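Just below is one structure, and these are the notes that go with it.
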Amino acid sequence: MFDSNLNRKRPFPHIPSAAIILNHLDVPLFSSTENGVVSRCTSMLLHADQPYLIGRKPRDCQFVFNDRRVSKRHCQIFFDGSLRKLYVLSGVLSHADYSEFRLIHEFRKRVTVSSQGSEGFPFLEASNGVFVNGVEIRKGMAVELMEGDRVSLVCGNMSGSCGIGNRIGFVVERIAVESCDGAGEFDRLTFSGCSQSGKRSKRVFAVKANDSKFEGVFGRARFLVDMCRDILLSDDPLSCIKRSVSDLQCGYKCAIGTELAQRVAEGNGIDTVQSSSGVLSESKVMNLEENGGKNCAKGNLGVDALCDENSNLIVSDCIEKDNVSDGNNWQGNDGCNPPPGKNFYLNRLEFMNQDSSGGDKSISLNELINPIESVTGIFIATFTSDIQWFLSYCKIPVHLPVTIACQNTERCWSSKPDERVSVPYHNYPNLVVVHPPFPETIAFGKDRNRHGIACHHPKLIVLQRDDSIRVVITSANLVEKQWISVTNTIWWQDFPRAILVDFASLFPKIDDEIHRDSKCDFAAQLAGFMASLVIDIPSQAHWITQLTKYDFGSATGHLVASVPGVHLNRTSILAESFRPSSLNTQFLGSVLASVVGLSHLFRTVADSNGAGIKALAAVLGKSCKNAHGRFEIVLRRNPNVPADENAVSVLVPKSDQTSEGDYVQLGFLPRNVAKWVSPLWDAGFLAFSGYVYPKEALAAASGENCQKVQLILNVSEGPHFRDMSKMMQSEKIAAFCSLIASIQRHYGLWRLREVLNQYRWPESLESEIVYGASSIGSVSSKFLAAFSAAAGKKSLQHFDSEESDPEWGCWNAREELKNPSVKIIFPTIERVKSAYNGIMPSRRILCFSEKTWQRLKTLDVLHDAIPLPHERVGHPMHTKVVRRCFWSRRDAPSIGWVYCGSHNFSAAAWGRQISSPFGTKADGPCKGDPTMNSGLHICNYELGIIFTFPPTENNDCHKAKSTKLGDIVLPFVVPAPKYGSQDRPATKLAMREVMTELAEREEEKQAEEEMMEEIIEEEEEIEEINCVGQEKEEEKAYAEILWSQVDSSQNS
């Protein structure tokens, strides 16, 4: 029936049919009749230009997989009679109301990677995906199928190891087309297009020398006709011409490299050549010439091409290495590692394989990211980085959007956003490096040499896919040795795509309020942290709005972030000072801003007799203040001011019942605040109101001080808030990102306390807090007490006191000195000396000052860090893990919590509590909360996650029933041996002395990008910090211009 003789056939055949010979995978494939009767099938007979449905429901589909994981109508298979090509579409096009021509055109459009298909064309999306050779097809897109291709439904792994059990799909063994004369004979298809990824394939199929299809005029003409048809029917003819020229030069077509395709090729007498190079780039052209009856390869392929007179030539560059181990780049046969849930993994060290670690859960960076083909974007936050290693090790495609936020001491302090962003690699045009900003408020006084204490120190990886997003929190930087030579913790979770876009999920929860859908605040914390990294970088602001597309309600832990700055206690500035304009107005959060230009009317010749300041004092004195001593102001847009179309005036009403214009103007919002307030306000997305302290305003107006006037900006839903997903435009995305970054949240110690205060811990039980870290900052009894208090530690002697006492139950430095509560896990110098690779690796990752050692020596809180599992002994640890465990008096599950992430044990990471940073105190009550009138001074960017195991899980965001506190194995031995009288931590001085003893001299300090870790945290005790600052000259100049233009517009 099949005949490969083409010499007698016409070059322009009639519209043929196609016969597809296939082998199903584990789940059998059935063909269905119109009556719903099914029978097993091993082939498909497809009439040209008619879509055929593949799904679960026999009455709707021509081909059926009887498995509940398959949608009722899952995908379509289509044979294009004119192009003689076979396509599969992810999803279903509804074609009842459209002509055959329109349907054919729609299929061809959806084959183009850059096209999304016609708007309004009815389309049904499958709940699970369609994969070709392990690569998922984008929803609504089609790809061409070729002989040897594996079509998988639900799971794309060859082993079916996504946890679904039996594999669902089929393999295309052969494609045959009805002969050109319509006599019922079939020819085998020889030509095929590029792969679904749009890149050069991993295998290149050359043309067989003795193939009759290419002999003589008819064969060559038919090849050219096919190319012309492709060009004429393409929506992008120019690109198609370029591809056709390349194909003509090469004489081959692309195919995705799969194990089955290779087996099929070998079954047809085709030899394969394994390539050690990466994915063949489009610039690497392979020329085939007929030379004495041989097809020989020329060009820069990085392989030795074999020529054989009687066989085809295949250059194989397979990147599916599920069963390949090369030491550093090992992937197990299972393909997928189960997520850790309320636990963490350790990274797989260089000498390990999957079986050598016993009960140790380990994973590599490659395994975390794969399959890279389905990733649509990567966001990474790290301290140090080796970007070129990352790109090559993880085989990052050159077109993939990648954002890397990393440390750069000089650029992070720059006030110019353009100096904090770059595109360093021209061959990776979508890779952007960002250096997150350090605010001047964290610098100690005017000594700019002290700004080095600030550090961008998180380790975050976000992998975006069409149907899910993966969040990875680790202690490893983006450096090779940290992933293969040093022990680090790794946690990750995949979150599905949300049914509805939810912008409200990015705003913090209000205390004592149940957030919408009772979901935890994982999305809000992640969005706030990521927005703080890319603020003022418009090209990267889209990351924040992308988070609204995913459902984070199943998060197994609570995020704990630190962001540099001086932060107020959020409970003192939130809902208590918000007065809604209507019953339906939802409060979203507050922003700490300021008023600029206050001195214009009150400290110039315009008010030489002091009448203005007297009038202002009278207004502020007569008007009502809220319980926190704040005075409500009115904001007014000034869109017609030439100097700044985003200008916003700050006014004070003269009385509670004011008419239009009956206000006293204080000044304006700063330019950097107005630039995001105005676009969101004008669009109706959000509404804004505000408060100031009357005492601050009068002091600034009268000239008593030159400090900024604090303005608390309350944010609530606007009339179009629910329509943001439909109305959000690109220019509004940057403004929204700035808002999310500016919203007040709890960070550092206060975030730790906020999370743990959600539960009632049995403080009457005995407990211990262990903290293992690679860096110990300038720890004092005051900081130890602050950390213990945030961790939930309370003073037993206060349990019988009255709760009305503001200091009730508070753990303080005096209590800490009497009864130390934190056991610090840090390696001794002897342990570091005995490491496999000597002292040098630890010298670059361990940080402990001699001054801190002398301070802690008498507290008896230090314990030796012995790596666990024991095969990791002798290898440095870079983990940052905290555990608090309550000892139950009966045989009951352990109670407590565990933290892992990037926070070292230092005030720079967790924050140092300071007195009221604005010099004024709220007049309202601060019962039981001594932090109400204080600030938290944080130097570093940090990120970690807490897993809680309370007595009951009624308030937990998500119940991971399979995990208990006792199931979490810490990366060091506990109980850890206490330091002996002769033991000494591996301080900087101790390691230097050892180096001297061993006659080893440290080389010159390496460049920053070659360092593994860490910036030395030589902290000092800072009693008073001027974190408010004076009004900058540029702010004064901005306000003066606005005053002159507003005055002139009002006078005219």
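Backbone N, Cα and C define each Cβ position, glycine as well.
Here TrEMBL gives coiled coil for one range in the set 406-450, 991-1035: that range is 991-1035. Cβ neighbours within 10 Å of Lys880 (substrate binding site), excluding its own Cβ and spanning all shown chains: 26. Ser906 (site 'Interaction with DNA') has a Cβ environment of 26 other Cβ atoms inside 10 Å. The two recorded residues, Ser906 (site 'Interaction with DNA') and Lys880 (substrate binding site), have Cα atoms 11 Å apart. The separation of Lys880 (substrate binding site) from His457 (active site, nucleophile), Cα to Cα, is 12 Å. Cα spacing between His878 (active site, proton donor/acceptor) and Lys459 (substrate binding site): 12 Å, rounded to the nearest whole number. In the structure as shown, the Cβ atom of His878 (active site, proton donor/acceptor) sits within 10 Å of 31 other Cβ atoms. Between the listed recorded positions, namely His457, Lys459, the fewest other CB atoms within 10 angstroms of a CB are found at Lys459. Taken residue by residue, the domain 'FHA' (52-137) breaks down under DSSP into 12 helix, 27 strand, 47 coil.
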